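Novice: Have a look at this one before I ask anything.
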Amino acid sequence: MRIVLVGPPGAGKGTQAAFLAKNLDIPHISTGDLFRANISQGTALGVEAKGYMDRGELVPDEVTIGMAQDRMKQDDAANGFLLDGFPRNVAQAEALDAVLKKDDMQLDAVLDLEVPEDEVVKRIAGRRICRNDSAHVFHVEYNAPKTEGVCDVCGGELYQRADDSEETVRTRLEVYHTQTEPIIDYYRAQNLVVTISALGKVDEVTARAMDALKK
Ligand code: AMP
């Protein structure tokens, strides 16, 4: 299966993607994670991406599309993938279509996670992520780790993403509405969109997502 996950920052895309990818036995490809890995390794790509990310803006398409394409070409993605955070504007969606078409492939579904804006802000403000694995996500109130600052899963250090500050979140939400939301209409025209509510417990949302994808 080839799936795109879309939804505002804080919808739980990363959390859901990790579970869905495991259930469906396809790799979870997150452009945000790829950028963060490049930043921590100090690569040229990471240096270029960091300023945009810190401001909550999109990294330019020339950089992003090439990076996503390279990742999708790897062996583990030959039979499918779950894209999380890509595409994020219509130009990227068109580039993805072109790449797939070249190999006679197409997307199977676009899963749209819906969550009210006030909930998004609360989720992001309290979000803490494990340095070892970005799929290990906690929330200081809703899903607090047993020991403050320590990952329950692997003992890694929990941190707050630099772009999870209130000011940057506002920019990211605006970017989502103006640049990313239009891809939902783009994919609606291809009859690919399934929308589910991202409210509720993590496993409830995963079950809802699996149901929607089966249909
Ligand atoms: P995420 O982890 O998906 O929330 O992404 C974090 C940040 O990485 C975004 O706010 C952007 O600055 C950058 N980023 C991730 N994916 C993309 C993309 N597809 N296009 C442009 N920028 C991206």
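Cβ atoms here come from the backbone N, Cα and C positions, even for glycine.
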Novice: Can you match one of Arg170, Arg172 to the AMP site that TrEMBL gives for Thr31, Arg36, Glu57, Leu58, Val59, Gly85, Phe86, Pro87, Arg88, Gln92, Arg161?
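Specialist: Same AMP site in TrEMBL: Arg172.
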Novice: Which one of these stretches, 30-59, 120-149, shows up in TrEMBL as region 'NMP'?
Specialist: 30-59
Novice: Nearest to Glu57 (AMP binding site) by Cα distance: which of the binding-site residues Gly10, Gly12, Gly14, Arg127 is it?
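Specialist: Going through Gly10, Gly12, Gly14, Arg127 one by one, the Cα closest to that of Glu57 (AMP binding site) is Gly10.
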Novice: Where ligand 1 binds, which of the binding-site residues Gly12, Thr31, Val59, Phe86, Arg88 are close by, with Cβ under 6 Å?
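Specialist: Within range of ligand 1: Thr31, Val59, Phe86, Arg88.
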Novice: May I ask for the distance between Arg88 (AMP binding site) and Phe138 (ATP binding site), taken between their Cα atoms and rounded to an integer number of Å?
Specialist: 25
Novice: Among Gly10, Ala11, Gly12, Lys13, Gly14, Thr15, Arg127, Val137, Phe138, Gly200, recorded ATP binders, what is the largest CA to CA distance in Å?
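Specialist: The widest Cα-Cα gap among those binding residues is 16 Å.
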Novice: Checking your reading of the structure: which of the binding-site residues Thr31, Phe86, Arg161 lie inside a 10 Å Cα sphere centred on Arg127 (ATP binding site)?
Specialist: Arg161
